[in-house]
Amino acid sequence: NPYNWTDCESSHLSKVPVTLLICLCGMVGNGVVLWLLGFHIHRNPITIFILNLAIADFTFLLSITITLGIFYVPESLCHELGSQGVTTVLNITILFAFTASVYLLTAFSAVTALSVLPLSHCPCHHSQCFPVLLCALLWVLSFLLTMTLYFHPSALIAFVLSYLLSVLTLICSGLTLLVFLCCSWKHPPRKLCAVVLLAVIFFPFFTADFGYWLLLRVFDFSVFVLNASLPLACANSSIHPLIYFLAGSCAKKFTLSVSAAFQRAFEDVLEPQNRDNTVESS
């Protein structure tokens, strides 16, 4: 059956321009992250997580933008394009990208927390293969969980448990980094720790209600309704590039160069022999 305009919740149309603006800004920011980390900044175990997180955030924001463009338009287009199949595909993509983003942010925070601990044999310290394999595993798990929820909504408990575990891991990682920043006699990578702490602080504030909204959508993938929590979830995916830029630009001598700011934000984890290979920006 064609999508019903009454399900488009015309009362929420005032939120559409704001949400679209947030999504467009977020896609530009994450696109810059992909461009810089993909081609201009030397990769290390941490930037591999950042690169994959940017891909997940960009996919999430793009899916939301396409969905809003299809369903929050004049009634005629809504009837023509808003079929059940299109709605289902978009909802599955949104759930998949959001789940992958949560998992990758959790892994990024956990690996950063482990990197400040005195664990000389931890594979996340120097191995380039470990983050690649871990990110690939998280993408696969996100896809499998999304498809399982679509075909068997009874598996909802797995989604809830994984989300709660991710939140718990984020909290533990944030506390670990905070303790090392405040109390440790060593010198942890302060800019990187600040990036993780800000991401951890914003995550529950922006995504808690959206996670609940997604749980409701699991039982009917053929319906898309704009909820007040959606702009906040889009803001969470859009704010990560801003955090990277601020952490790098405010360090040492202030700079407005995006490339230089990103290089500074992650230079703490670059090995000395690799720092000369990074892009120098004025």
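Backbone N, Cα and C atoms are what each Cβ position is placed from, and that goes for glycine too.
As recorded in TrEMBL:
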type     : residues : note
TRANSMEM : 16-37    : transmembrane segment
DOMAIN   : 29-244   : domain 'G-protein coupled receptors family 1 profile'
TRANSMEM : 49-72    : transmembrane segment
TRANSMEM : 92-117   : transmembrane segment
TRANSMEM : 129-151  : transmembrane segment
TRANSMEM : 157-180  : transmembrane segment
TRANSMEM : 192-215  : transmembrane segment
TRANSMEM : 221-247  : transmembrane segment
Checklist line | Mean of the pLDDT scores, which run from 0 to 100, over the domain 'G-protein coupled receptors family 1 profile' (29-244) | finding: 79
Check: Thinking of Cβ pairs under 8 Å, which stretch from 49-72, 92-117, 129-151 has the most of them with the transmembrane segment (157-180)?
Finding: 92-117
Margin query: Can you tell me which parts of the same chain pack against the transmembrane segment (49-72), counting only residues 6+ beyond its ends and a CB-CB cutoff under 8 A?
Written below: 3, 8, 13, 16, 19-20, 23-24, 26-27, 30-31, 33-34, 37-38, 43, 78, 81-82, 86-87, 90, 93-94, 96-98, 100-101, 104-105, 107-108, 111, 131, 135, 138-139, 224, 226, 230, 233-234, 237-238, 240-241, 244, 266
Notebook entry, point to check: Taking a Cβ cut-off under 8 Å, which residues six or more beyond the ends of the transmembrane segment (129-151) line up next to it in the same chain?
Noted result: 45-46, 48-49, 52, 88, 92, 95-96, 99-100, 103-104, 107, 111, 123, 158-159, 162, 218, 221
Checklist line | Non-local residues, at least 6 beyond the ends, that sit with Cβ under 8 Å of the transmembrane segment (92-117) | finding: 45-46, 49-50, 52-53, 56-57, 59-60, 63-64, 67, 124-125, 131, 134-135, 138-139, 141-143, 145-147, 149-150, 159, 162-163, 166, 169-170, 172-174, 176-177, 180, 184, 186, 188-189, 192-193, 196, 199-200, 203, 207, 210, 214, 217-218, 221, 233, 237, 269
